[in-house]
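The domain 'Response regulatory' annotation in Swiss-Prot covers 12-128. The 4-aspartylphosphate annotation in Swiss-Prot covers 61 and is backed by sequence analysis. Annotation source Swiss-Prot lists domain 'HD-GYP' at 155-366, citing sequence analysis. Summarising the annotation, Swiss-Prot assigns divalent metal cation 1 binding site to 180, 220, 221 and lists experimental evidence as the type of evidence. Sequence annotations record features per position, and here Swiss-Prot assigns divalent metal cation 2 binding site to 221, 249, 281, 282.
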């Protein structure tokens, strides 16, 4: 769309009239102050109206053979390129009904013939000024809209970067080379988008909610920053005290995110999802999970979705203490958990998108380097545990 800054200083007026003398008269009257373009028929006027640069104002004779001024006006107002150009009718008709018809079609003024030069110049100047004001407001509005979009994109990019940084803090405790987080984000999106197409979930899983849920899933283990390495990385059986420490990561994550939500001072869909997920993604459908032993739909939907995605990732990822399961085996195990570990409806959705899960697992598989790092960290954790449990000399 043409900006006011791109326009020449002198406005362009298009005059459409089938009488050459009238065209000459209007040109002589206007050309000292404006650029003037003329057309001798309705069709010629339509062509002239879309030529670049487009006119700022159109003076249009009503009584023309073939295509009269009213029809020209209708077509101009129907064309997105010309509908906002102000149009003034010129006519020898003095009938009030004719004037009402012209104004109803979108004309801004109605001038009688023979024209009065001072009145024509005054009306032309008035309508050009009105158009300039309208264009200024439109351009300013467009600029502000573009600026808001730009700022929104910047804030979104900043938010995404902060989310990734925070999520990585938690993931670093397990394995800094793992691609667990990119996989989880994509698994959650696949499940949520499939569920969103079902009536039972459509209200809760709007497109915006799916985006927020996918991103907030990255923070599911943020509370692990509060768990000692010797507990977090211990491949063996934990005692009761260490089990409590490990399970405490759900409360630590929830409390940190709840604190952020309070400091924000207003509701945040992202933080709400993140808090629910961090606290409840280890709950089970049958109520045998932790930290609260919630069952069924008392477990937030976001947490139920992440629980299934996280379980699939655990089963199909390479670990230092065990090889990954094949995709088909993982699918069977998750199906077996329907009604006990997982919401049965989510398991149905998972089966429907299982091939896409397999593709994500393949594309974002951990490298051999990630496995080496995990092995080193496990060895360090075991050594630390031995030191802590060794009897004093």
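Cβ atoms here come from the backbone N, Cα and C positions, even for glycine.
Values in this document were obtained by computation on a predicted structure and should not be read as measured data.
In the structure as shown, the Cβ atom of residue 220 (divalent metal cation 1 binding site) sits within 10 Å of 32 other Cβ atoms. The Cβ of residue 61 (4-aspartylphosphate) lies under 8 Å from the Cβ of 16, 17, 18, 19, 22, 69, 89, 90, 91, each on the same chain and at least six residues away in sequence. Reduced to three states, the DSSP call for residue 180 (divalent metal cation 1 binding site) is helix.
In this structure, the CA atom of residue 249 (divalent metal cation 2 binding site) is 7 Å away from the CA atom of residue 221 (divalent metal cation 1 binding site). The average pLDDT the prediction assigns to the domain 'Response regulatory' (12-128) is 91. Here the Cα atom of residue 220 (divalent metal cation 1 binding site) is found 7 Å from that of residue 281 (divalent metal cation 2 binding site).
Across the structure, residue 281 (divalent metal cation 2 binding site) and residue 180 (divalent metal cation 1 binding site) are spaced 15 Å apart at their Cα atoms. Residue counts of the domain 'Response regulatory' (12-128) by helix, strand and coil are 51 helix, 24 strand, 42 coil (DSSP-based).
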